[in-house]
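Read through the structure below, which is laid out as structure tokens, and then see the notes.
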Amino acid sequence: MDGNGRWAKKRFRNRVYGHEAGIDSVKAVIKCCLEWGIPYLTLYAFSKENWKRPSSEIQALWQLMKRFLHAELPVLVEHGVRVVHIGDREGLPEDICRLLDEAVEKTACGSSLYLQVALNYGGRQEIVRAVRLIAEKVKSGVLDPSAISVETINTHLFTGEVPDPDLLIRTSGEFRVSNFLLWQIAYTEIYITDVLWPDFREREFLKAVEDYQRRERRFGMTSEQVEAREIAHLS
Ligand code: IPE
Ligand code: MG
């Protein structure tokens, strides 16, 4: 969710104004997922690297996060959204942890949309954590090193059983991954738009989905193979 700062700057306002406007895009995108039947959504809200920002901005982001969770939790419950946190709890403010716990608990039965909120998240750190968890199992003898597979790594990431993302949307025209779901995006389609996050609403999301629908996902195969598989699937 990039571009809040630039959006505010263009309006001669402070960065927090941009983050506030970004909340409405979050709501719009969640609404679209529910309406269009998109079952999984991951929002990259605060990275490990975002701690380098001025503390006043970080504080404002937590305030906004709290306000959002507080105001939107009943709405999320009502619409069957299941909230899950990905990232490290350690380092997050206590009240944020408490609100997250509450959101996770109260939405646990939601089955319309699985919403992963990446907070204090870093892809590399997630992989390090997975390696440590796996190493512990090897050390204690419950896991044989030769049995370690892609699936083993998958299940030790925060994202666990959640399927790899089909589409990664990058707003504000940046051509980089910024430590987001590094392992999981191996075959993800990437969509980059110049639109700044606060302007990313239904129309822009639809454009991204339509662009995705025109892609041919080959996963290493040839075009002919993909077509043959599709025909076999239809018959
Ligand atoms: C939102 O956009 C990112 C976070 C919520 C941390 P930015 O704050 O990075 O906006 P720009 O890149 O300065 O425009
Ligand atoms: Mg940015």
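Cβ atoms here come from the backbone N, Cα and C positions, even for glycine.
TrEMBL entries are annotated by machine, without manual review.
Residues or ranges marked as active site in TrEMBL: D2. Taking the Cβ of D2 (active site) as centre and 10 Å as the limit, one finds 19 other Cβ atoms among all the protein chains shown.
Within 10 Å of the C-beta atom of E189 (Mg(2+) binding site) sit 17 other C-beta atoms, taking all shown protein chains into account. According to TrEMBL, the feature Mg(2+) binding site maps to D2, E189.
Taken from TrEMBL, the feature substrate binding site covers 3-7, R15, H19, 47-49, W51, R53, R170, 176-178. Under a cutoff of 8 A between CB atoms, and with a sequence separation of 6+ in the same chain, the neighbours of W7 (substrate binding site) are G18, A21, G22, L196, W197, P198, D199.
The 10 Å shell around the Cβ of N50 (active site, proton acceptor) contains 17 further Cβ atoms across the protein chains shown. Annotation comment: TrEMBL describes N50 as active site, proton acceptor.
Among the binding-site residues G3, H19, K48, R170, V177, the residue whose Cβ has the fewest other Cβ atoms within 10 Å is V177. Reduced to three states, the DSSP call for E189 (Mg(2+) binding site) is strand. Selection of the recorded positions D2, G5, N50, R170 by a Cβ distance under 6 Å from ligand 1 yields, in sequence order, D2, G5, N50. Distance from the CA of D2 (active site) to the CA of K48 (substrate binding site) is 15 Å.
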